[in-house]
Amino acid sequence: MAAPKVAVVGAGVIGLSTALCIAETCPSCSVTVLSDQFSPNTTSDVAAGMLIPHTYPGTPIHVQKQWFKETFTYLFAISNSAEASEAGIHLVSGWQVFKNTPKEELPFWSDVVLGFRSMSEAELQKFPQHQFGQAFTTLKCDCPPYLLWLEKRLKATGIQISTRKVADLWELHSEYNIVVNCAGIGAQQLVGDEKLFPVRGQVLKVHAPWVKNFIRDGDGLTYIYPGIHRVTLGGTREKENWSLSPDPGTTKDIFDRCCSLEPSLRGAQDIKVKVGLRPSRQSVRLEREVLSQGGVKLPVVHNYGHGAGGFSVHRGTAKEAARLVGECVAALQGSSSRARL
């Protein structure tokens, strides 16, 4: 059969990485990315891009660890290359601090990040409200540069990128052999997934070049993540809140919480407020499905619902989605050769 045509719907970090992995693992495929929004207007552009995993209750821990490990290994290699600056990827060291000692003193990802250890008494003196902490080095993606770098990689690989709003996956059946759904929160309407809900995140991007270490409260709500040019201060986790308008009261609350962890932030300049809707569900939806109407079949691979943890696992889930696309290609080739018999 001719080169299978694959459409990837969505151009956030999940969609772009999935398209790249498909091109790398199924070079016979012709891949097109379709989206009505590209960087800098995606949810991924708002994300801090820190590799600290979020736990999905509905996904086995060993699977989550594999996704994180593959993502960390991939980005670590880029951080050690000449492309690190353009891709916006760098190592950052810091602390995760807790008011009370957590049940799990060693999270499942502790041996993937670098130099994970418990904080010393001397280090904890910096955080008088906290009694336990972990120190480690991880990776950070500065999001707009990373998304633009991915787009550049896609174009260099011959992947088409097209601005198009897809209202129904079935509308693609006459143009494409396989469709990959990486629509993020858009999947709620696109495929009617009622298990998917938004978790609104509001963050501040500030100029504070003296802040070199990340600081994260163990509850995951308050965090300070230094990037190459700006520091991301967060945050909020507001379930079922669809508002994309910044809330001034929330901005003040985030700033005050972050200053209590790092008082020098009172001197931060040029505060910009960003809001994004994290596509959240109990587990990432990563599976094959076949849509059919009137005897016509359309193989679909779903890869969405990463919530707050998309950057931490994006490469691992993209590789798995690409493997599922490979299975769809093999099934199509099998059916076309049977049809010739």
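Think of each number as a place in line: the chain as shown, counted from 1.
Each residue, glycine too, has its Cβ placed from N, Cα and C.
TrEMBL annotations: computationally assigned, not manually curated.
The Cβ of Thr43 (FAD binding site) has 25 neighbouring Cβ atoms from other residues within 10 Å, across all protein chains displayed. Annotation source TrEMBL lists FAD binding site at Thr43, Ser44, Val166.
Residues annotated as D-dopa binding site in TrEMBL: Tyr223, Arg278.
According to TrEMBL, the feature domain 'FAD dependent oxidoreductase' maps to 5-324.
Annotation comment: TrEMBL describes 1-19 as signal peptide.
The binding residues for FAD are recorded as Thr43, Ser44, Val166; their greatest pairwise CA distance is 19 Å. Minimal Cβ crowding within 10 Å, among the binding-site residues Ser44, Val166, Tyr223, Arg278, is found at Val166.
Tertiary neighbourhood of the signal peptide (1-19): same-chain residues 26, 28-35, 37-39, 42-44, 47, 141, 143, 146-147, 150-151, 154, 159, 161, 166, 169, 172, 175-184, 186, 190, 303-304, 306, 310-311, 314-315, 317-318, 321-322, 325, 328-329, 332-333, 336, selected by CB-CB distance under 8 Å and a gap of 6+ residues from either end. Summed and averaged per residue, pLDDT over the domain 'FAD dependent oxidoreductase' (5-324) gives 96. Geometry remark: Arg278 (D-dopa binding site) versus Val166 (FAD binding site), CA distance 20 Å.
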